[in-house]
Structure formats: structure tokens, C-alpha cells
Amino acid sequence: MPLRPRLLLLCLWGLLLQQAETDSEGQTTGELYQRWERYARECEETLTAADPPSGMVCNGSFDMYVCWDYTAANTTAQASCPWYLPWYRHVAAGYVFRQCGSDGQWGPWRDHTQCENPEKNGAFQDQRLILERLQVVYTVGYSLSLGTLLLALLILSLFRRLHCTRNYIHMNVFLSFMLRAVAILTRDRLLPTLGPYPGDRTLTLRNQALAACRTAQIVTQYCVGANYTWLLVEGVYLHHLLVIVGGSEKGHFRCYLLLGWGAPALFVIPWVIVRYLLENTQCWERNEVKAIWWIIRTPILITILINFFIFIRILGILVSKLRTRQMRCPDYRLRLARSTLTLVPLLGVHEVVFAPVTEEQAEGTLRFAKLAFEIFLSSFQGFLVSVLYCFINKEVQSEIRRSWRHRVLHLSLRDERPCPHAELGPQALPSRSAPREVPITGSTLPSGPLHGPGEEVLESYC
């Protein structure tokens, strides 16, 4: 049997076994498989004996689930629920629907909701309701993050005094969060219109629409991967400043750009090739063959673990420096807690919580807990990063206040006009010199600056 039909058979067989594991019909796995084989054999015999109709038609075939007869082009075919299903007596009157395109090719989707196990429908509806609510949550989160990230990116771009390697990396992190949000929101807009829902028997997915849908999936995977690699760049750069260089902000920015935007292509492109060759089904939104999904999942897990170890190392450095300053216990704990909470969203440390739990292990309550945790924090992560590293950053606030003061002074000097009857003198002339500007090198804390190599870096980040 060719590899692709074999994979489809394995996926179908796993689905049937999952639904039949609590079946009350008394069939064993061997009996179910024998019934399926007999159904497939009878389908082939029926199609061989039948005479294909004239004109443009979709060929009769067995798609590993149900037997399809020859169908005229641009019509919706229907087939009775396959009798090998363990719960067939409950769905004997049901049908499976599939669209035959105008080009004589079967559409990739089929509607088999009338043939599903009725005992599982209640649980399915509950799960669907939970997923719909989670979708609302992350839609709000990504939309909010997109707006704040755009504003933060404009602020760091417009104020030249804020231009430095550290903020350049921040800007790329903001951009990666924005691309991730746009890609996910766009994909969600495409899937409901391109993918049929239960009861929609006439919807079909044309070749162009299918290509657009898969392209959206590819772009989404790249943007998500780029987001994780740029979080890794933040961790590597901060570790480089604190441990290797000892406080210098002069880094190899081109290498960081190559790592942040180039590394995701190293695992997204192989995933696209393997997916196209071995699991080229529907819109690529389902990962039935887990081995293919691990091509993308493995590099992301590696970036999460590396950033977690960097996070632990930075906390160790911070603890040692705070102890050196002999801070009082309340101040010590407050500073450590604030630094921890500040670095968690920037490095994506929260991902470690469910990183050991694979997709295969996550079932039932654990699966929904993992989804809720990751979806909520990932969607609002961009919002938190933009607030912590732009809007409440003391360096950014100082630059905005300085620019505002200069703007107000400029307007007041422009509107002020000399009086012709007044006695002019040196004391009556307004001063044209601006207040002395103090170079901004980083944010300072009320507890006072740290001293020593790398201290200014910790002040800027923590």
C-alpha cells in the first residue's frame, strides 16, 4: 500500500478506535477491522462493476471512510453512513456529504457529522464551547497586544536618543509579536470561511482557496517560530552583556538579525516539504502525524529551555549583586520579585510550565488546562512586554518628557511677540537657550543604582 494512503488509514483507524473504546456493541478491534476490510472490498467490487457516466464526473472511490459513487461535476454527493461503524444502528439513516468540483475533482472536505457516535456528541459540544471561549480570549489578547506593540515600536523608532543595540533588539521583538498576532488573527479569519462546519453541505474549497489557506498556515508557523527565536536573542544578548562582555552594549547586531529572522526558516521549510509529501491533507491545521509536527516543536522547545537556563543564571547574578549591596530583607525580596516578574514575559519563561507535557500526553482536563494557560499568556505576552519595556521604562518616559518640554518651549517662543512701545533691553529679551540636557543612559531606581560591571544592564532590564 502506498505511504500516503497508509498514513490516512492509520489516522482513520486511530479515530475509530478512540470512539469505539467504550462501545456497547460488543465488537472487538479485530472484528471491527474485518468489517472495515469487507466494506472496502465490496466498495471496490461495486465500483468495478458500475459503468462510469458520460461527461465530466468525479471518479468513484473509497476514501478510507466511506464509498463514493461516480458523481456529476459541480454537485454535492451523498453516501449512507458506512455500516462497519460500531454505532451504525444509531446512524443508519444518516449521510456523508462531499462536493464534486466543476473540474471533476473531489473537494478535500467531507461532512460526516450525521455518522458520528451520538454518545459522544454531548462531550463534543462541551469541548467545542470551551474552545470557542478560548478563541475569544486570545483574539482579545492578540488585538490588544497588536495595538500597544505598534505604539511602542513607533516610540522607539521616532526618538533617536533611544536608538541603541538593546532597543533595536526590543524593536525586533515587538515586530515579531506583531507578526505573530497578525498571522494568527488572519488565519482564524480564513479558516471559518474556507473550512466547512457541520450542516454546511454545499461549501467547497477550491484549489486557489486551499493554497491560500495552507500559505496562511506556513506564514503563521514562521511568525510563531520567529517570535520564539527573538525571545532567545533577548536572552542571549542579555547573558552576553552580563557574563561575557561585562556591561558593554556593543553586540553583533547582524548576527542577531540573522538568528532572529533566519533560524525559523531552517525548520519551517523542512516541515513544509515533509508535510506536503506525507500529510498533504485539508488546510494543514491538524497534526495527525505527530512525528511531522515535532519538526517544528523541537526547535521551539529548545529555545524555551535555553531561555529558562539564561533566566536562572541572570537571577543568580542579580541575587549575588543584591547581597553585595547588603540590602535590607524587604527591599531585597521586593527587588528580586520585581526583576523576576519583569524578565518572565521578555524571555518567555512561562512556557516552561507545560513544556514537558507533549501533545500526546495532554488529554482531558490537562489538555484544556494547558491550552488555557498557553493561549492566555501567549496572547497577552506582547502587551506585557510593550508596557514593561516601553511605556513604564524610565528611559523612555524621560525622553518623552524632554521632547514635550522642548515642544512647549518652542510654541511659547513662537507665539511671543515684542511690544513696540516697551522699552527693550537685555532683561526683556527671552532666553533662546534650552535647558541643559542630561544624557540618558538608562533608568534608575529609587533604591539607588547598582555598582560594578553589568549593573547598568540590570538597571535597564530589571
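Every residue, even glycine, has its Cβ placed from backbone N, Cα and C.
From a predicted model like this one, the values you see are computed outputs, not experimental measurements.
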Same-side flag (membrane), Gly364 vs Val396, source Swiss-Prot: no
From Cys43, Cys81, Cys100, partner that Swiss-Prot gives for the disulfide involving Cys67: Cys43
Residue carrying N-linked glycosylation site as stated in Swiss-Prot, selected out of Asn59, Asn227: Asn59
Of the candidates Cys58, Cys81, Cys164, the one sharing a disulfide with Cys100 in Swiss-Prot: Cys58
Recorded disulfide partner - Cys81, candidates Cys11, Cys115, source Swiss-Prot: Cys115
Distant-in-sequence neighbours of the topological domain 'Extracellular' (360-374), which means Cβ under 8 A and at least six residues beyond its ends: 127, 130-131, 134, 290, 350-351, 353-354
Number of Cβ atoms other than its own within 10 Å, given for Cys58 (disulfide bond): 23
Proximal residue to Cys100 (disulfide bond) among recorded positions Cys43, Asn59, Cys67, Asn74, Cys81 (C-alpha distance): Asn74
Cα within 10 Å of Cys67 (disulfide bond) - qualifying recorded positions among Cys58, Asn59, Asn74, Cys81, Cys115: Cys81
Candidate nearest Cys58 (disulfide bond) in space, where candidates are the recorded positions Cys43, Asn74, Cys81 and distance is Cα-Cα: Asn74
